[in-house]
Protein chains: 2
Amino acid sequence: MSVTFAQGFSAAGVEAGISATPGKKDVALVVNEGPLTAAAGVFTTNRFCAAPVQWSRKAVADGSLKAVILNSGGANACTGKAGYAQSVATAHEVAGLLGTEDGEVAVCSTGLIGELLPLDKVLDGAARAFAALEPTMAAGEDASHAIMTTDTKPKTVTRMGSNGFRVGGMVKGSGMIAPQLATMLCVITTDAVVSAGQLQAALGAAVDTSFNRIDVDGCMSTNDTVLLLASGASGIEPDPDEFNDLIANCCASLARQIIGDGEGASHDIRITVAGATSEDAALACGRAIAASNLLKCAISGNDPNWGRIVSSLGTVPADVAPYDPDEVTVDVNGVRICDGGKPGHDRSEVDMTPRQIDIDVDLHAGTSAATVWTDDLTHEYVHINADYES
Amino acid sequence: MSVTFAQGFSAAGVEAGISATPGKKDVALVVNEGPLTAAAGVFTTNRFCAAPVQWSRKAVADGSLKAVILNSGGANACTGKAGYAQSVATAHEVAGLLGTEDGEVAVCSTGLIGELLPLDKVLDGAARAFAALEPTMAAGEDASHAIMTTDTKPKTVTRMGSNGFRVGGMVKGSGMIAPQLATMLCVITTDAVVSAGQLQAALGAAVDTSFNRIDVDGCMSTNDTVLLLASGASGIEPDPDEFNDLIANCCASLARQIIGDGEGASHDIRITVAGATSEDAALACGRAIAASNLLKCAISGNDPNWGRIVSSLGTVPADVAPYDPDEVTVDVNGVRICDGGKPGHDRSEVDMTPRQIDIDVDLHAGTSAATVWTDDLTHEYVHINADYES
C-alpha cells in the first residue's frame, strides 16, 4: 500500500549500508510518473534545519516535484556547507537517473544529527533504488520500511475518494516529536487532478490539526518534512472539500500511528479540552497537559493522577485561556475524578488497563474544544534515548 | 543549622502521622521571637494554587509574620473551600498557641494533590511542635527533615554578613521543579534589622536568579512558597547591597542543592548561554535546552549529544533570541564539539564521568549571558514518578 496506492507512482526501498543495522533498508525513492508533477511541502521551523530541508524547501517552491529520495541512518543536520553539497549531489544523481532537473527532486534524511552522510553509499543506494522502482504495493511497503529509525513498524495510510481518486502515504517518526510539525518524514501521494495551490492549502490545513497536535517528547526535529505529490493519473477532479477532508484524514491517521509507536510508550493518551473560549485557548491547555513529564510518568504507572493534570493546566496564563479553576472538571476514561477543581470520584474507579487513555477536561468557560495526543513516559523511552545516538 | 542559625528564631520538626512513611517527621514549625516580625513571600503563579498558598499570600501581605507551620504528607491543593478551611484552622491553632493573630501565621503544605489533610493530626502536630520549639541547631535540622518528601536529604544554608548579621534557610524540592519558582517550600530567616520592603525586594531579586533558573522536569507546582523572615535580634543594620547579595547567595545555594537532589538524577547539568543580545535572550535559549527530554536522556547515558542541544536551541524564535545558527559554538565539559553550527571535536573526547556536566553555548550575537541548571532524565525519575502518588 503506502505511496503506490495512488496511480502514477512507483517506489522502491533498498539497503545501501548507511544504517548501522545490518540488513536494514535505508534508501527509499518515490517517483511521480505523471502526467502532473504538482507538489506541496511543509517543513520544520527549527532554525538549525538540516541540509535536506534547506534543499527541499527550495525544490518544492515552484509547486512541482518529480521525485523524493529519502534515507535513514543519518540526518545530515548541522553539517554546514559540506552537508548541503551532499543533499545537492543526491538530488543531482536522482535527477540524472530520471532525466529531469535537479530542482524536481526533493531530499529527506533522518538519523544522527551532526555527521555527514556516507555519500558514496547514498548515491549507490539511489541508483539501486532507481533500478528497483515499481508501481506495486510491495514497492510502496519497501519504501515505508526504508525510512524507519526507532520506529518499530512502518506507518502507512490509504484512502479513496467517492468518485475514485486515491490517496496514499507513509510516515516515519517515533521520538523527537513536538507539537510543531511532529512527524520527521512523511510523503503522501494522490492521483487526483489538482493544482499545486490546492495541494498546499490542503496540506497546510491537514498538518495543523494532525502533526501539529501530537507530542511524544516536546522535542522539535531539525529534519521534519511533509510532502504531498499529485500525479493526476486517475484523470479525476475531486470535490475540493472532499479532497481537503481526505488529506486531513490521512494526516490524522499517520499522526495517530506515530503516537501508537511513540518511543517506549505503553499508553496512547488522548487529551480533549472543551468548554474553552476559543480553539486556541483549548489547544494551549491541551498542550500544557501533554507536555507534563510527571503526568506521563503517572500514566505509565497506571495512575490517573489528576493533580498533575490540573497543575499543568494551571500554568496556562489567564489571558491565553480564561477559565475559573473552581469550575474545571476532569474525566479520565469516563470517570469524573476532578469536579469543580476538587476531588470527584475516587481515582481507583478508573480502569487504566486500555492502551488508550482518554483525558477529557471541561473548562466551563465557552464552547470551543481541541484534541491533542501524547504518549506516556516509560523506562523504555529513557533506555532508547540514553543508549541510541540520534 | 538551617533556620535557627539566625538569632531570634526557634524551630521544631515532629512526627504527626500525616506522612505514609512510618517514623517520618512531617510537621515543622518556625517561630520568629522578634523583636521584629518583618516578612516577605513569593508564591507559585499556578492558577490551581493550593489552599495554604491562598492563605499565606494574604497572611504575609502586611509584611509581618510571627510563625510558619509546614507539613509534608499532603499538599492540600485542589481541595476547595474545605481545604481552605483546613489552612485557616491550622493557622488559628498555631496563633492560639503563640498568643498572636491568625494572620501572623503562614501555612505551607506539600505532598499529594487533591486530598484533604488529616486535620486532627495536623493540629496535634502543631501542638507537639510548639512544645518542642527550641532555638538550637538541632531543632533547625529537625524542621528541615520534616518538610522532605521525595528529597533524599535535607537542604539548608547559612551565611554571615561582614558585620555579623546572620541568614539561614531550608528548602524542600526534588520533583515538580519548573523554571517558574522551582522550589516547593523554602523558609529563610535573618536576624538583621531590615524592613519588610527591603525583604521583599531582596527576595524577589534573589528568586529571579535562583529558583526561577532551575528545571528538573518542567512541571510547575501548586504549592511553591518562599518566605523570608527577619527578627532583628542581632541589632545589626546590614549594608543594603550586601544584604541583597547574601539573600541571593542563599537562594542560589538552595536551588543548586535541589538540582543536586533532583528525582533520580545522575548528573547535574549547568547550561550557560553567552554571546546573546540580551539576558532575556540568553535565558530563553538556556531554558529551551534545559527542557529537552532527549538531551536529558542522552546525558544520563553519558552521551554529549550536541545535536539535541542545537535542535532545542533552534526552537527559540529569532525575535526572542537573534543569532546566526552558523556562528554557534557548543562546549561540553570544556570540549568544543560544535563549532560554527557544524561538528567540532569528536564527542568521544568529552569526559562524561563527573556528576556535574557543563554545557557552554556561545551565540556570537552579543555580550549578554545567563545560566540555568537542570538534571538528567533517568530510569529512576520514571520509577519515582510512575510509582509515587504525588
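Heads up, the Cβ atoms here are built off N, Cα and C, so glycines get one too.
Unlike curated entries, TrEMBL annotations are predicted automatically.
Copied over from TrEMBL:
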BINDING   A:Thr149, A:Lys172, A:Thr183, A:Glu263, A:Asn385, A:Ser390  substrate binding site
ACT_SITE  A:Thr183  active site, nucleophile
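Here the Cβ of A:Glu263 (substrate binding site) has 28 other Cβ atoms within 10 Å, regardless of which shown protein chain they belong to. Take the binding-site residues A:Thr149, A:Asn385: by the count of other Cβ atoms within 10 Å of each Cβ, the lowest one is A:Thr149.
Chain B has a C-beta under 8 angstroms from the C-beta of A:Asn385, taken from the binding-site residues A:Lys172, A:Glu263, A:Asn385.
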